[in-house]
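Right, one structure below, let's go through it.
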Amino acid sequence: MDHAADAHRTDLMTITRFVLNEQSKYPESRGDFTILLNHIVLGCKFVCSAVNKAGLAKLIGLAGETNVQGEEQKKLDVLSNEVFIKALVSSGRTCILVSEEDEEATFVEQPKRGRYCVVFDPLDGSSNIDCGVSIGTIFGIYMVNDSHEPTLDDVLQPGKNMLAAGYCMYGSSCTLVLSTGEGVNGFTLDPSLGEFILTHPDIKIPKKGKIYSVNEGNAKNWDGPTAKYVEKCKFPKDGSSSKSLRYIGSMVADVHRTLLYGGIFLYPADKKSPNGKLRVLYEVFPMSFLMEQAGGQAFTGKQRALDLVPNKIHERSPIFLGSYDDVEEIKALYAAEEKKE
Ligand code: FDP
């Protein structure tokens with residue numbers, strides 16, 4: 001992208017304009033998806049503003065147990081959840097909502113009920129909030145089978161059935177990355193306009209990367225293929241250079257870097273957590289959807305991640321995602337292990 005030319009751009013592609021353009025390709029479309037997305041965008045803007053103020057509020061003494069009015073201050077993840085639930089219900093376009101923060105799914109009552117199911121983690125990476133490290137919101141969208149009789153099965157679908165997925169990263173800038181199944185596009189919030197502007201059109205992940213991203217503190221509990229893969233990243237035997245390690249510990253930030261720079265992000269199974277840590281519906285699926293749409297791959301250690309059929313809304317799965325060639329290598333190691341067994 002030509003950043004100098006960009007600075008003088010007057011024809012701004014906002015996220016709403018972008019989605020409306022996409023929508024116009026489908027004459028039968030009623031605009032419901034655009035309305036839903038507008039409500040998600042509103043939630044992201046609100047959380048972005050709350051995250052930005054969090055440090056300041058603490059410094060000026062507003063973020064204690066009670067605020068100046070004597071009311072209890074809400075923790076950011078609880079607040080973000082409330083904001084998204086309210087924004088999604090009030091869109092009038094949702095039917096079932098699954099949030100990382102809520103044990104049970106929310107079934108939207110008539111007359112506010114619509115056709116979309118949204119699975120989301122309102123504030124992922126929340127252990128990073130207090131030190132100002134990038135965190136984010138992750139979401140995936142399914143279509144309900146029958147909006148008159150929604151059931152949990154409508155959200156217990158494989159990730160490949162998602163209509164759209166995305167994340168918003170609250171970092172040095174606020175970036176929303178979205179795929180509606182036709183590639184991946186990134187939008188950056190222009191705070192002066194309050195609008196997300198298309199800044200990263202048609203993101204493609206490099207075919208092979210130079211970075212691996214994993215919590216190596218868990219290495220003593222890894223299985224053979226994961227241990228071998230990470231060993232190969234550090235001590236390649238084919239004469240290639242070692243990969244660099246980058247691990248923020250905030251999935252949105254680690255995946256965002258992987259998407260833009262290439263490489264691999266791993267949260268494998270280990271002896272202590274045989275299903276890994278990350279949640280299928282609102283972490284593994286949306287990120288795998290984006291990776292595939294950008295030309296990369298996502299693998300669970302057993303299968304293509306998007307083929308997984310979850311049994312429970314908060315189910316976990318190991319995940320290896322990123323550049324096509326890098327994921328191909330870990331797939332080969334798991335295939336070799338399976339042959340041995
Ligand atoms: P967090 O616990 O801070 O909410 O699933 C949540 C998550 O962060 C991911 O964002 C992140 O990738 C992962 O957990 C980090 O886990 P470890 O601390 O075990 O590395």
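Just so you know, glycine gets a Cβ as well, placed from its N, Cα and C.
Copied over from TrEMBL, here are the features:
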- 13-201: domain 'Fructose-1-6-bisphosphatase class I N-terminal' (DOMAIN)
- 205-334: domain 'Fructose-1-6-bisphosphatase class 1 C-terminal' (DOMAIN)
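In terms of DSSP helix, strand and coil, the domain 'Fructose-1-6-bisphosphatase class 1 C-terminal' (205-334) has 56 helix, 21 strand, 53 coil. Within the model, the domain 'Fructose-1-6-bisphosphatase class I N-terminal' (13-201) shows a mean pLDDT value of 89, rounded to a whole number.
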